[in-house]
Amino acid sequence: MNPRRKSRLYLAIVVLIGVALTATLMLYALRSNIDLFYTPSEILQGKGENHEKPEVGQRLRIGGMVMPGSVKRDQKTLQVSFKVYDARGAIDVTYTGILPDLFREGQGVVAQGVLGEGNVVNAREVLAKHDEKYTPPEVADAMKENHKGPASAYATPQNEGAKS
């Protein structure tokens, strides 16, 4: 192999290694900023054909309806706990902070946070839904069934969606 070809080969190898390293670092950085959207039933029963459930400690967004009678506020702190339900399940959500003005029982919400032990979502942010007109299509599709399931069908959030 002549020296000119050899130097081009080395340059091509260095460029490929650089591109691979850059792509790996970008994917690693983006991975920590991705929050997947789940409904309560998808957290309890799994999502997709493989029924993949989120892991404890995973960042996620959960969307559903606030179960009537489930909102509990701590009088001494700003901590609030409530249940979010859909047609096939209910999940506990805890949040510390001031809730949006549109937050109320029976209203649609999206909570962003981390999944804790016992399928409890520790939310960092709670968004109250006011109109489905402004909802992304994949979220709107997942939320369509939420209006169908009666909140009284869920005794506890850990009942895996079983009806009483």
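The backbone N, Cα and C atoms fix where each Cβ goes, and this holds for glycine too.
Worth saying up front: this structure is predicted, and the values here are computed from it rather than measured.
Pulled from Swiss-Prot:
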- His130, Tyr134: heme binding site (BINDING)
- 131-148: compositional bias 'Basic and acidic residues' (COMPBIAS)
- 155-164: compositional bias 'Polar residues' (COMPBIAS)
- 131-164: region 'Disordered' (REGION)
- 1-8: topological domain 'Cytoplasmic' (TOPO_DOM)
- 30-164: topological domain 'Periplasmic' (TOPO_DOM)
- 9-29: transmembrane segment (TRANSMEM)
Give residue numbers and ranges for long-range contacts of the topological domain 'Cytoplasmic' (1-8): same chain, 6 or more residues beyond its ends, CB-CB under 8 A. none
When DSSP states are grouped into helix, strand and coil, how many residues of the topological domain 'Cytoplasmic' (1-8) land in each? 6 helix, 0 strand, 2 coil
Along the topological domain 'Periplasmic' (30-164), what average pLDDT does this model show? 80
According to DSSP, does His130 (heme binding site) sit in a helix, a strand, or coil? coil
